[in-house]
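Taken from TrEMBL, the feature domain 'Peptidase M28' covers 139-325. For 613-833, the entry in TrEMBL reads domain 'Endoplasmic reticulum metallopeptidase 1-like C-terminal'. Per TrEMBL, the feature transmembrane segment maps to 21-40, 355-372, 393-413, 425-445, 457-475, 481-500, 512-538, 558-576, 588-607.
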Amino acid sequence: MAPRAPPRRRPAPAAGGGGESARVLLALAALYGALSLLAYRVIHMRHVAPLGADAPPGDFSEGRVLRHLHRLAVDIPGRQEGSPGLEAAAQYIKGELEGLAARAGPEYRIEVEETLVSGSFSMVFLRHRVTLGYRNHKNIVMRISSNVSEDDDPSLLVNGHFDSPLGSPGAADCGSCVASMLELSRLIIDSGWVPPRPVIFLFNGAEELFLLGSHGFIKTHTWNSTIGAFINIEASGSGGTDLVCQSGPGSWPSRVYAQTAKYPMANSVAQDMFGIIPGDTDYRIFAEDITNIPGLDIIFVLGGYFYHTSYDTLENLLPGSIQARGAKDGIEGSRPVFFDYLTWFMVFYSRDVSLILHSLPIAIFLLVPLFLKFPNITLMTWSVTLLDLIRGMLLHAFGVILAIFIPAGAAALRLLFTKNAMNWFAHPILAFFMFVPASLIGLLLPRIAWGLSEQTHFWGAFGLYSVITMAYVLAGLSGGFLTFFISISMLLGRLISIIIKRKWNQRSPKSLVAYVVPMIPCLLYCLYYGGFLIQFLIEKMGMMGSLPKPYGYFVPDIIVGAALGLVVGWCFGPLAPVASRWLSKTSILQGLLQVTVVALAISSQLFPYSTGAPKRVVLQHTYVTDANDIVDSNYGFSVVDANSLEFLFNNAPEAAKWLKDNSELSFEEKYHSDRSSWVALYPVPFLFSGSLKFQAQTDEIRKHYHKFPQLLVQKTWSNNGHRRVHLNLSLGSLSEIWTAVLNVTGPLSNWSFADNMLPAPQPVSGGPPSYICRLSGKSDVDWSFWLEANSSESLRIDVAVLDQYLVDSTKNLKSLFPSWADLTAFTTFFSTYYL
């Protein structure tokens, strides 16, 4: 009898068979979904319970803040410069502060002042130079100190502005700021806490006019020299946790915030990127332009859909946001590294510490070849192994690059077959379905094309994040903490998976679990950080400006697609070296591609805007005047995102018919307008392109105003080719003036503004360089100034006065637009003079 052959051992199935790969994909999707839901709840303040108006007097109460805010943003119709509401708001704030002072105990010294500030200076705003002249802007100031304090004691300044932007109730921006400051000042007094150093509350009345209230205070007030630190409270949205966008000079302001904030949200990356966002805050006056006082810039940034629109109302504030703003556990070097972890706690370390910590990953990466070849260590084996790991780094880098470019390309490709850009604007979740699967395809594709081992891929990915961390260190930026966190978490996951891999088959999905579980804290933070960034970016795309066709039409979609790809690179990239064993399959990539195509198809059928995500439209009714005569009248339209005015009028047929007397609206060249016609908003018109203008009635305005703005020559002085012209600008009978703008072109050599210092000229609309000066403040008194020329060539002066009054026909035109279009409308009186 022949001996029986030993039984054959069946070969182990290849890792990541079709069914197993699908299960791994679904399990990871469920994990990321659960972590994303937690991050979403934190970002939208679902974990903060607002206190009502009946809360104990020793607690900061959102309910009491809302009571102040109702008075400021609902009962008072508007708080814009030139409107009666601004003065009403000032008197309400002053009355509340005087009431607090009247009931304060004898241990307090309370001072309440109403001040008028005037001045003139030059600044760069939206990357363009402008000179500002202002007079009689009102600030309300309160100083709380102990009864033994001295006038020159070092003090803390808390600043917020009570004026609101054009066309907006300003509930969040920045009624919420001053209402919170009123509650905080009440809390100090009612709690019986006497501050060891004076606390100054500055309620400034002219921030929206380019930071004039804070400039006037810091230049003229008697308390300005006592300020040792400041906190600026602002709003670029309707809520969410306050984000510390700027901190400094020095490191201690962010350190104090880290120690005291109950719901911290701070990120040193925000300061690196702050200049990208169109806009600015009073922080630059206190910490950069005028003085270098250490301080914090704390801002609402979510709900950016409503920022500077008529939808910035009490109802659209995110509940819990104000409660978190007031919740604190307690009342020099270069920029530190700091970030919050889901608002639960702050991580803070100095620049010197970051130099050591952030250098560790790259050092470990260089030492890894020694451990991998131990004990056969030679220079040759180290070099060969390092080159192999660098190959893995390049592979992972290529995957991250594809993860960015593939969704960006898909976004551009979609626009070739659809007529609307930004379809994700009112449907942010749609952007994730459109671009995340496409990003995953890019991240996984190189593993299919190049069959590197898991070990090489892992250490290559680790090396990439280490190199990025080191690059941040060398660049002097603070954002390297994210890739540092990722690389250290990858090490931890690798270590634990190695320890327990003896129990499980390395090809089993259980080995993936051993790697993923230790990384959950890092993945959760990446989703929190990335989700916040994408939400913020999507909301801000509605106000980032319209770029010229044809390429400007593609820019927002490409930016959002690329940004989501970048977020996928740091949220899923650390798992890719291990998970790609199961996911780098043709069937998985085909499934992801199908999801992408379906999402792109669905998005093309959705409308980009809603009342919760409005489109911003600017309507300017211009009267061209000569002395007291009206020469011309027209309506100017512009938008500040990628969907042009043609899109607007195609979806607002009633307004289009009204403009063209019931005929089809034309977009011929004769209807186009350039930036010079928008000089009343300078430098905001640099965000415009493709503006249009249409004829309007000329006589209706005379029913309301009988005298128009006029520039008059008082006297002229000449000497050796130089001449000085003394001028008087009368603003006529206008009563709701926001600002008056002078655009001076020609051989200007000096003027009486900004301490007789002429700034660098700026081109306005492709023409010769101009000198721009914005004048604001009390309008019933003429502006007197002089201009000096160094040749006989004429000076051209364009005068544009922006008034908030609208004639009935303009109001009717505005009402014809659908509710998803938020129109900021105003009247401009434009005239030109040659001197």
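Backbone N, Cα and C atoms are what each Cβ position is placed from, and that goes for glycine too.
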Exercise. How about the transmembrane segment (512-538) and the transmembrane segment (21-40): at least 3 CB pairs under 8 Å, pairs 6 or more apart in sequence, or not?
Worked result: yes
Exercise. Out of 355-372, 425-445, 457-475, 481-500, 588-607, which stretch has the largest tally of CB pairs under 8 angstroms to the transmembrane segment (558-576)?
Worked result: 425-445
Exercise. With the transmembrane segment (425-445) as the reference, which stretch in 21-40, 355-372, 393-413, 457-475, 481-500 has the largest tally of C-beta pairs below 8 Å?
Worked result: 393-413
For this session: Rank 355-372, 457-475, 481-500, 588-607 by Cβ pairs under 8 Å to the transmembrane segment (393-413) and hand me the top one.
Result: 457-475
For this session: Quickly jot the same-chain residues contacting the transmembrane segment (457-475) by Cβ under 8 Å, restricted to those at least six beyond its ends, or write none.
Result: 354-355, 358-359, 361-362, 364-365, 368, 372, 389-397, 400, 447, 483-484, 486-487, 490-491, 494, 573-574, 576-578, 580
Exercise. So which residues does the transmembrane segment (21-40) touch in its own chain, when a touch means Cβ under 8 Å and the partner is 6 or more beyond its ends?
Worked result: 342, 509, 512, 516, 520, 523-524, 527-528, 531-532, 571-572, 575, 579, 582-583, 585, 587-588, 591
